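The structure appears below as structure tokens.
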Amino acid sequence: MSLFEGAGVALITPFTEDNQINYEKLEELIEFQIANKTDAIIAAGTTAESATLTPEERMQVIKFCIERTKKRTIVIAGTGTNNTASAVEFSKKSYEYGADMVMAVTPYYNKGNESGLIDYYTQIANSVKCPVIMYSVPSRTGVKLSLNVIKTLSEISNIQGIKEASGDISYVADIVNVAPKLDLYSGNDDMVTPMMALGAKGVISVTSNIIPKENHDMVMNFLNGNVNEAIKTQIKYIDFVRAMFIETNPAPIKEAMNIMGFNVGECRSPLGPLSEKNREHVKNIINKYGLKK
């Protein structure tokens, strides 16, 4: 049985004008996701600006998402960081709060070697009694998990999934080959159907902050054999997907949400507002697709 099938949202963190977490808005976003068929909510991940949340804020966001979701969909806690002890503590607390599973990005900046990466994920897995999803995004972390590391970790009973965002489809095929037991999820919104052709169960998506139902339907169409319909959706939204990564995530998606009236605030420094040129492009894309709150 899969961890989940479908499109999970890498949920943004909304902020007030004075840069504090806007919990009233966060609850609105959770309700919007549930009403629009999201298959999982990822709390306090990269798109949630976890790197600029304090440890207390991070755990508050995770706890809030679990409490407000009320088991209506899966909640996956983003617990990875570049300090193994902190990642273990985040994972333990998330599990205690009731997270369905935890997802840990590879340690960034300090670039652990193979033994260090194996130790990092092993400690996380040993700290919880729920499934663990590895998250590989080399463009942001500077770390690409070797196939040996992935194979070794896949043999730990509760390391059951990987969110893969390298953009390297041949590497994805290698992962499926060496670790067939892992549930695979696309971490790239522009590669959902190609990765599903190699066995992915779905996507953990940035664009689902705006189009959760469309992404859910795309994945379900593919899983149910309506592959051509899924491909049509992938192609239809490709310009939207590109626009959401015109600058560093989550700045474009938050800008788009603000244009649409979600009023989620700005990103925390060092992520600044979009350039005027890119803001205008995002606005034009929103209008092109007729996207509304």
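Placed from the backbone N, Cα and C atoms, the Cβ positions cover glycine too.
Quick look at what Swiss-Prot lists:
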ACT_SITE  TYR135  active site, proton donor/acceptor
ACT_SITE  LYS163  active site, schiff-base intermediate with substrate
BINDING   THR47, ILE204  pyruvate binding site
SITE      THR46  site 'Part of a proton relay during catalysis'
SITE      TYR109  site 'Part of a proton relay during catalysis'
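On the structure: features taken from Swiss-Prot.
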{"residue": "THR46", "record": "site 'Part of a proton relay during catalysis'", "DSSP (3 states)": "helix"}
{"residue": "TYR109", "record": "site 'Part of a proton relay during catalysis'", "DSSP (3 states)": "coil"}
{"residue": "TYR135", "record": "active site, proton donor/acceptor", "DSSP (3 states)": "strand"}
{"residue": "LYS163", "record": "active site, schiff-base intermediate with substrate", "DSSP (3 states)": "strand"}
{"residue": "ILE204", "record": "pyruvate binding site", "DSSP (3 states)": "strand"}
Rounded inter-Cα distance in Å - TYR109 (site 'Part of a proton relay during catalysis'), THR47 (pyruvate binding site): 18
Do any residues at least six apart in sequence from THR47 (pyruvate binding site), in the same chain, have a Cβ closer than 8 Å to its Cβ, and if so which, in order? ALA10, LEU11, ILE12, VAL206, ASN209, ASN249, PRO250, ILE253
How many Å lie between the Cα of ILE204 (pyruvate binding site) and the Cα of LYS163 (active site, schiff-base intermediate with substrate)? 7
Non-local Cβ contacts of THR46 (site 'Part of a proton relay during catalysis') (under 8 Å, 6 or more apart, same chain)? ALA10, GLY78, VAL105, TYR135, VAL137, ARG140, ASN249
Cβ neighbour count within 10 Å, max among the recorded positions TYR109, TYR135, LYS163, ILE204, goes to ILE204
